[in-house]
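Per TrEMBL, the feature active site, proton acceptor maps to E475. Here TrEMBL flags T186, G225 as FAD binding site. Annotation source TrEMBL lists compositional bias 'Low complexity' at 1-10. Annotation source TrEMBL lists domain 'Acyl-CoA oxidase/dehydrogenase middle' at 182-298. Residues annotated as domain 'Acyl-CoA oxidase C-alpha1' in TrEMBL: 334-489. The region 'Disordered' annotation in TrEMBL covers 1-21.
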Amino acid sequence: MSSSSTTPSSNLTDDEQQQPTTRRIRLLSLHLNPPLHHPHNHHHLHLQACSSRAKMDVNADKLSAYLRGKHRDVQERVFEYFNSRPDLQTPIEILKDDYRELCMNQLLGVVREAGIRPFRYVVEDPAKYFAIIEAVGSVDMSLGIKLGVQYSLWGGSVLNLGTKKHKDKYFEGIDNLEYLGCFAMTELHHGSNVQGIQTIATFDPLTDEFIITTPNDGAIKWWIGNAAVHGKFATVFAKLMLPTHDKNEVSDMGVHAFIVPIRDLKTHQTLPGVEINDCGHKVGLNGVDNGALRFRDVRIPRDNLLNRFGDVSRDGTYTSALPTINKRFAATLGELVGGRVGLAYSSVGVLKIASTIAIRYSLLRQQFGPPKKPEISILDYQSQQHKLMPMLASTYAFHFATVHLIEKYSQMKKTHDEQLVADVHALSAGLKSYVTSYTAKSLSICREACGGHGYAAVNRFGSLRNDHDIFQTFEGDNTVLLQQVAGDLLKQYQEKFRGGTFAVTWSYLRESMNTYLSQPNPVTARWESEDHLRDPKFQLDAFRYRTSRLLQSAAVRLRKHTKTLGSFGAWNRCLNHLLTLAESHIETVILENFIEAVKSCPDANSQAAMKLVCDLYALNLIWNDIGTYRNVDYVAPNKAKAIHKLADYLSFQVKNIAKELVDAFDLPDHVTRAPIGKQSPGEAYAEYTQFVGF
Ligand SMILES: Cc1cc2nc3c(=O)[nH]c(=O)nc-3n(C[C@H](O)[C@H](O)[C@H](O)COP(=O)(O)OP(=O)(O)OC[C@H]3O[C@@H](n4cnc5c(N)ncnc54)[C@H](O)[C@@H]3O)c2cc1C
């Protein structure tokens, strides 16, 4: 095939050849929206031209089959449904109120028309539920969040914090969307510090009711999804107050959850005593109607207490299997980790979309070249590889780590094993914060990697970035969650020295803590062969060594500072150290899972490709933190240099199979190439040029 027939200009009509402006725009459009299935696929040929060394043989379909998992069918139903309903697709420009209505109609369409009923899977088959969330979220992130508010938060609170009577009464209505609901935990003055919330629920033994009260402005429930327009009910978190024998006194039993109707089921009018305000236009997720709720002595039946962990009898006696307020609070929040698991998994979905768009574009976009030679693909620049290839490796790594998290979560839901509950709590906190922070940063990198065209709304980075940004804050602020991981690690560490055992996720620390206490081996510190550096044992040892070291030193520092500053002050003095420790642990867990996934891959070519990607993930992270390893002579200078060189080389190798690696994500065209429903490059081009004002 002649080279001229593979350039974008060969796709131009005669008319366009004669009009330079139109021609240039068309060219740009083809860069942005490559005709991937064109028989003379420029993309494909160019990819081959990009690689100057033998290219690994990767079959995207086989790799994809390994990645997809067993719930791909339900995701495909979601994608097909939106393909068949262009009227339900989100346009680029839409007003807030219209967007909220559209989002509601999208949700109704998925549930009532496409017949996808996620609610039963929340408990029965969480992996299927999260697959649905990921798919709807990739169609429109507002829709993913609205669905999550309805089923994970409002529905999940009823299922997980309530008992049979609640399930019997509410399941059907939640499932079929008649009972749209909210999850009202956060208040104006308290978000992360949930135990600081001030809304109160006082039991009235005379009427057998609870009285829900917002005692001051700071206690107004704020940011509550589904509250501003659509919600009929809210699960309201409030301090449970019980009258004592002395009539003027009440005792605070701690934070509990209550079902509070907020709008009339028939008329949709706001109910007496409830005040609802709109939180207004947001940076992103404007399809979701977030609102503020104030309660002026709203009375609800005693049965509306979600009473799995604590109950109040007709005569006002409190009973609970859990002895303290703190234990009940931990059990209550422990049941809500599903939201975090879903966010971590969906965030990887966003990273897949962004890296696919940026990598496909970078393969096609050409700028500069050697004198008198054709321009080269921008992905042939080492700097572009440096931006995008470790990101692609992280996307794969996070995929397997979050799949592992979902498996553990599903197991926990079945067994209620105490050890597993603690493990999933820390792992979901860690992965949610690590992955969402990474994706948020990567979205900016992807936009920049696509130059000016990355800034066109039609190419999605703007909406992905704005919609995803808050993933770092809701369901637990990332900085706060990482501290829970560090706290858990330190607890396990102390237990170890008291002769206790590590929970499964931390068990690697037992061995590596001992290794840490001895000096690094001066011989292996100098080993620099490719075989050694690509040996999973070397990579895992390095990650584990770093975590052990950080853990040991954090414990020593905390002990020292506690003497003078008290435990709260000491924690704050060591906070950055503790956050680094938590991140290091999460990176270790991610790498372990990636290595396992490579080992288990049945197709040899896919396995070889994933091994390459896994090595890049590991060595790039070691290189990023080379100062730590060098400081303690864990790696000698020659080895540090070898790691750097090899990481660069692996980036280059991964670039050569980058097309197959992103194809294996198997994302529908309307998610990665053009606005929803604009399947052909021509249509996408029309929208794009309209957007830029031509
Ligand atoms: C779009 C959107 C939707 C939401 N939906 C809901 C909903 O449906 N229901 C609901 O109940 N809530 C909802 N929220 C609220 C959300 O859960 C809270 O915003 C979140 O928990 C963080 O609380 P905050 O905003 O009070 O932040 P703060 O806790 O005030 O945090 C502010 C900053 O202080 C830092 N910080 C706080 N504590 C510490 C600490 N101990 N150590 C170090 N740094 C710290 C944080 O890292 C952060 O950078 C939503 C929020 C938004 C924006």
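Cβ coordinates are placed from backbone N, Cα and C, and glycine is handled just like the others.
Sequence features annotated in TrEMBL and their locations in the structure.
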residue: T186; record: FAD binding site; contacts (Cβ under 8 Å, 6+ apart): K221, W222, W223, I224
residue: G225; record: FAD binding site; contacts (Cβ under 8 Å, 6+ apart): I145, K146, V149, L153, C182, F183, V288, D289, N290
residue: E475; record: active site, proton acceptor; contacts (Cβ under 8 Å, 6+ apart): G339, R340, L343, K432
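Each residue of the domain 'Acyl-CoA oxidase/dehydrogenase middle' (182-298) gets a DSSP state, and the totals for helix, strand and coil are 6 helix, 56 strand, 55 coil. The residue listed as 'active site, proton acceptor' carries neither a helix nor a strand DSSP state and counts as coil.
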